[in-house]
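Per TrEMBL, the features are as follows:
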- 135-158: region 'Disordered' (REGION)
- 135-145: compositional bias 'Low complexity' (COMPBIAS)
- 146-158: compositional bias 'Basic and acidic residues' (COMPBIAS)
- 365-471: region 'Disordered' (REGION)
- 420-444: compositional bias 'Basic and acidic residues' (COMPBIAS)
- 656-689: repeat 'TPR' (REPEAT)
- 690-723: repeat 'TPR' (REPEAT)
- 779-806: region 'Disordered' (REGION)
- 820-910: domain 'RNA-polymerase II-associated protein 3-like C-terminal' (DOMAIN)
Amino acid sequence: MMDVFENCSTTADHRESLSKSLDVPVECLDYGYIEKCKDVKYLEKILKVLRSGEEGYYPHLIEFCESHLEKLNPKSRVLRKANPVATSASLGKDEWNQIVDELMTWQEETKNTEMSLQQQSTHDLMKEIPSIRGSTSSISLSKTSNAKEKGNSSKRALPRDYQEWDKFDVEKECERVDGDVLQSDHPPAVKIKGHAKIKTEVDVSLLTQQERLLLANREKDKGNEAFRAIDYEEAVAYYSRSLCFSPTVAAYNNRAQAEIKLDQWHNAMTDCQSVLDLEPCNVKALLRRATVHKHMGQLHLATDDLREVLMEEPQNAVAIALLSEIETLEENQPEQQRRGKRILIQEEEEENDDSNNNMQAQAFLAEPSQPVGGEESSAAPGERGDMGNAQKKPHSRGDRGPHGDASSSHAGQWRSKGASSDKYKVTPHESKEKVSNGTSKRDSTASSQTDQSGSGKTTQAGETVNLDAPCGALPPPLARLKNEGNLLFKNGQFADALEKYSQAIQGYTDSGIDSPQDLCVLYSNRAACSLKNGSSHDCIQDATTALELQPFSLKPLLRRAMAYESLERYRKAYVDYKTVLQIDTSVQAAHDSVNRISRLLVEQDGPEWREKLSEIPLVPLSAQQHRREEQPSAEVLQARAEKAARDAERKAEIRFSALKQEGNEFVKKGQHQEAVGKYSECLKLKPEDCAIYTNRALCYLKLEKFTEAKLDCDAALKLEPTNKKAFYRRALAFKGLKDYLACSTDLQEVLQQDPNVQEAEKELEEVTVLLRESLANDSRGKPRKTVPITEVEDDDEEPVAVPNSAGSCRGQDTTINFHPTCSVEFGQALNAACVTGNTAACSNLLASTAPEMLPQYLSTQLDGHTLSFIVQALDSHLLEKDTNLVYQHLNHLHTADRFSIALMLMEKDKRRHMTHLFEHLSSVESTEFTKNDVQNLANKYK
C-alpha cells in the first residue's frame, strides 16, 4: 500500500510540475474555452498539454484545437509535423532504385576524379612553377626595403629604463601624437572603385578542368551580385574573369546584359553572337541582340530576332512588348522620310579609288532609321568600308579627260574651287584642338595618334593597314594623308578624316601635280565626310567639284543626290539619282530614292511634276558600268554559294522547329491528322530526324493507320536501332494488324532495354492471351486429312509404310536411307525426299538424326528451298511426335554455314511456314524450354 501511495504521489507531483511550467489549468481544456481563445501562444500551450496525454487522451479535442490554431496562425511551429526519415519501405521500388543508382554513380564519379587527380603528372606543371630556392629568383630592393620597414614597425617597443622616464617630455609627445592625427586627417577621402583593380585576364594554364569550372561559377556569382547592386562595370569585369576560366553560355549572356546597361552596344553584340554560336536558338541571346539592334537603328534585324524568339516561346511577354514597340517605330518612319530627314543609304566601301584603276564592289546598307546628317553611326567600325557610303565602285576612266571648251571652263572652275577651299585649311595647332560635329575628344586623340604613328596601323577589325601605300600619282606625303583619312573614316572619325583630306587637297594644290583623277577622289572622299557630319552644303560643293574633274563619276553623283535630298531639294536629287541609274542600274539605293522622291514630287507639284525638272543629262555608253561588268571570280561565287547554303540551313532549322512545335501542339489538342501534315513537312526538311518518325507513328496509331505507323517505326529503327519508342509503337501497330507474334517480339525488346516500362508489360500480357486464342482457333479450324495406308507383305523385304502428305509416288520411299553415317548419305536421302515432296520421309530422316550433327550434314546442302522443306517437315509431322526434338533441331540448325544466305533467299510465302512453326512451338508447354526461349530462337530466324 505504501508503494502504491508513493507512485500516486509521484504522478501527481509530475502533473503539478507540468501544469505549473505551462501554466494551463484543467478548466481551459474545454471546447468552449478553446473556441473563444484568441491568444496564439496560450493555445500552443493548451495543445502541448493535450498532446502530452497527462490529463487524458482526447483526439477530437486535439484536432479541434489544431484547426482553431491553424485559423489564427497557419505558420505556427507547434503545427509542424516531423516527417520520418525516408527508407526503402516508404518509397516506391522504382524511385528507390533511382536513388540508389544515382548514389552509386556519384560514388564512382568521385572515385574516378580522385584517381585522375592522383595519377595526374606534375612534371609539366613544375616547369612553369618558379623554384622556391634558387639562383634565378631575385627580389627587388624596393620590396626588401618595404619589407624591412614593415618588419620594424611590427616589432614590439622595448621597455624604458626608470631613469629615462625623468627625461620624458609629456607635452612634446602629446603634440607629436596630435600632429600625426592631423596629418592623417588632412588628405581628403578618395573613393576607390573596386572594379578598377580587378584583372579581367587570368592565367589558367596551371588549373585543372574541375578547378576552372569551380572558379568560373564563383566569378559568375560575383558578377551577379555586382549586377544586382547596379554596379555594371564591376559585373562586366567579373563575367570576363569567369569567361577566362571557362566560356559558358550563361556568362556570355550575363555580360551582354551588363554591357547593354552600359550602352556598350558592339561588345554586347559580340557576346550575343558568341552565345548563338554555342546555342543557335538561345532565347535570352536573341532577345538581347534584338535590343542591341533596336538601339543601333537596325529595326528589321531586331524584328527577325524577336520573331525567332516568339517561335520558341509564343507567350514571351518581353518579346511581344519589344516587337510592338519596334513596329510603332517602323510605322512612324515614313513621316520622317517625307520630311527628308531619314533615307535609305546603300553604298559601297571605298578603299583606294586610285589603286591600279581597278575597283572592287562591296555593299554597305545603312538602316532606314539612320539619319544622313551628323548623328552617330550605328554600324561597328570594323564593319564599315573605308569611305562607308557608296554602293558600287565606278570603273576608272583615266583615258577620258576634259573635252573641248568644257575642259578650260572645268579647269578654271577647279582653280576657283581650290581657292575657295581655304575654309578647310587647318594649322597643326588647330588640328589638335578642333572637334567637329559630334566627334568627341577621343576621336581627336585617336587622330593625333594616327598622325604620329609609323607606316603600319591596326584597325578595330584587327587588320593591318599600310599608311604609306601608294595612291595613284600622289606623292608619298599626300598618299599618307589620304590613307590616314580613309582609316579615320573607317573608324567613324569623320571630322578628323575631313581634316586629313583637306590637308591632302591643299598639298595637291601647292605641289602643282596634274592628276585630275586623284583630286576627284580626294574631293569625293571629303564630300562623304561632310555628308556624314551633316554639312550637306559642303558635300554638294565638293561633289560638284569632283564631277567637274571626272564627269559622270558614280560616287560624287550619289553623294550629291543624298545631300540634295537631305536639304529637301527633291528635283535636283531626282535628276542626280536618275543619272546614277544610267551609269549603273544595280544601285538599289538609287532605285528606292527615285521611287520615294517621285511620290513626294507628285504630292508637291501635282501631275505635271516632270515638266518642272531640269534636263536629265545623257550618259555616254563608255560610262555605263552595267554594260561592261566582269563576271565574279570563282572565290566570290564560292563565297556566295556558301553564304546561301548557310542562310538556307538556318531558315530550314527555324522552319523545322516551328513545324515541329505546331505538330506537337496539334497532338496535345487531339488533332492528329493536322499533326501528321506538320510532321511530314518536317521530314522533307530533315529526313534523318528519328523523333519525327516516332511522333508521326503515334499520330498514325491514333488514326488507326497501322501499316503507315509500322513503316515510320521501321524508318526510326534504321536511324536508331535501340529506340524504345519505335519498338513500342511498332508493337502497337503489329497488334492493330493482328500480328501478335511480332507484337510480342517488339514488346519483349522494350522490356529487355527497360524492365520498368509498365505499359509494355500490360500490353505483353494482353498480346500473349490473344496469341494463344489465335493459335487455338487455327488448330480447331484446320481440316484433318485421312491418309490411306497400304501394307505389303513380303518374305524377303521388311514392310515399310511411310505416309506421304504430298501424294507422291510411294515406290521411292524404300530407297531413302533413314540412318545416314556421313554428310553424303544424308544429302542423298534429303534430296530424294525433297524431289518427291515427301515431308513424312524428311521428318523420319530428321527424327533419326542427332540435332548436333545436323549443321555438319547440311554444310553443303542447305539452300532456301531445302530450308523451307525442312521447316514444313518439322511443323507438319515431327512437332506432333516430339516437340523437344524439334526445338533441339531448330536450336542447332541456325549454326549451319550457309544458313544466313539460305534464310535471305527464302521467299515470303515460305517464310510463313517458319512463322507458323514457332507459333505452334510456343503454344506447347514443355519442361525443356520456355516461351521466352522460343521467342529468342525465333528472332534468330528473322
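In case you wondered, yes, glycine gets a Cβ from its N, Cα and C as well.
DSSP places the residues of the domain 'RNA-polymerase II-associated protein 3-like C-terminal' (820-910) in helix, strand and coil in these numbers: 69 helix, 0 strand, 22 coil. Taken together, the residues of the domain 'RNA-polymerase II-associated protein 3-like C-terminal' (820-910) have an average pLDDT of 81. Under DSSP, the residues of the repeat 'TPR' (656-689) split into helix, strand and coil as follows: 28 helix, 0 strand, 6 coil.
In terms of DSSP secondary structure, the repeat 'TPR' (690-723) contains 27 helix, 0 strand, 7 coil.
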